[in-house]
Amino acid sequence: MEGGELEVDALEYTPTWIVAGVCSLIVTVSLAAERCLHYLGKTLKRKHQKALFEALLKVKEELMLLGFISLLMTVSQDVIQRTCIPPSWTNYLLPCKRMEERSVVDLGGRRLLPKSVPRSDHCKNKGKVPLLSLEALHQLHIFIFVLAITHVIFSVLTMVLGGAKIRQWRHWEAEIHKNDAGNGPKKLTNVQQFEFIRERFNGVGQESTMLSWMHSFVKQFYASVTKSDYATMRLGFIMTHCRGNLKFGFHRYMVRALEADFKKVVGIRWYLWIFVVIFMLLNVNGWHTYFWISFLPLILLLAVGTKLEHVIAQLAHDVAEKHSAIEGDLVVNPSDEYFWCGKPRVILYLIHFILFQNAFEIALFFWILTTYGFNSCIMDHVPFIVPRLVIGVVIQLLCSYSTLPLYAIVTQMGTFFKKEIFDDHIQQGLVGWAQKARMRAESSKDAAAAAAAGTTRHGASSRLEMLRRAAAMMQCRRALPR
């Protein structure tokens, strides 16, 4: 009877109209999705949204990786089924307590593969069990897809909501250009009369440092960036990198830099997959691992928001300590020293991890809900579920409306500007010139002495830096607001 059922289920005994119909449906849906991504890419290129187009390419890379993972899991399922282990090995690190007998009804009504499949008999005849059952492999397969898609969706949602917040600053940029139309004589102003100093400076000394950190922590929840913050940091950036053009389109440059960073956030890097493996390893019954892990992205997000706010406070603190009165406008001095490890890029990596970890929590919840049901033991108890969902929503909203806009403007307060200050054709010209200079340096290395070769490389590097600076000044002069 069992052999007859297996023969009926085999592909060679399945009606051809069913096989053709299912294949047609799968191919049609796949081609429709591919065409949608293709036309979206053409639209982005037509609108000269290079950064968003590269982010779309990153999404395609992730989909290709998922396809390869799917293929690998499908091809290797026979090998996994024939890999046998002692039954005692399966009694450790269980996400749920094992029951002696479980029926389909006990498992929430989900369909299990028949245990009479010959592959499972291979280990059963040896008195052992397969390394991973076909049902568990199938569920793991689905979870990986759900995780990747959820991460992409949440990243796009964060970018859309954060971008909407940043676009509200555009009218500040317009007001600044309007007010700078008629520059009057510069007057001497007490530093404490500047609104930026009044809002951000908390005095001098150890107590003021603690007060500054506390104020920065609270500030991220309301009015994280005010008009005076924007105007002061904008002027500090222009006076450092574009001194020749006070009408430089800072808002446009900031949005372009953020879009370029987005393509890095939307992908899933190799170290994030390592975290997934670690989190799944620690999901042991009674440990409530996913509940405790849900606090990790929240803590990191609050720390990142506090640090970004504190960078603004440090800018105000340095000016207030050095000057009692200022002639003209207040100008801050951007520096990498304000950031962790002296690298503003660290903030981007932390935001990337926060978004991925939050997507992991949400994807895991919905995957368990649809696969095992709400009352499953792997879902954990209700007092542990509700806080996880609330934390996920808080992280998404706080990151979108506060942390991401803060990151967009505060990371411009580093020592160096980003390449998005150039137009696309200037970027391509610089890259081409650098490649040619490197090729000339390498070709001359064989003919010249080691010292001469070192001088050539240094000269090429110096000329490249001079060209970048010159191109930046030209770009600043031409980058009028649009």
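Positions of Cβ are set from backbone N, Cα and C atoms, glycine also.
According to TrEMBL, the protein has these features:
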- 17-41: transmembrane segment (TRANSMEM)
- 62-80: transmembrane segment (TRANSMEM)
- 140-161: transmembrane segment (TRANSMEM)
- 266-284: transmembrane segment (TRANSMEM)
- 290-308: transmembrane segment (TRANSMEM)
- 346-369: transmembrane segment (TRANSMEM)
- 389-410: transmembrane segment (TRANSMEM)
Checklist entry - Most CB pairs under 8 Å with the transmembrane segment (62-80): which of 17-41, 266-284, 290-308, 389-410? => result 266-284
Checklist entry - Looking at the stretches 140-161, 290-308, 346-369, 389-410, which one shares the most CB pairs under 8 Å with the transmembrane segment (266-284)? => result 346-369
Next on the checklist: Are there residues at least six beyond either end of the transmembrane segment (290-308) with Cβ under 8 Å to its Cβ atoms? List them, or say none.
Outcome noted: 213, 216-217, 220, 224, 279, 282-283, 339-340, 347, 350-351, 353-354, 357-358, 361, 364, 380, 384, 387-388, 391-392, 394-395, 398-399, 402-403, 406-407, 410
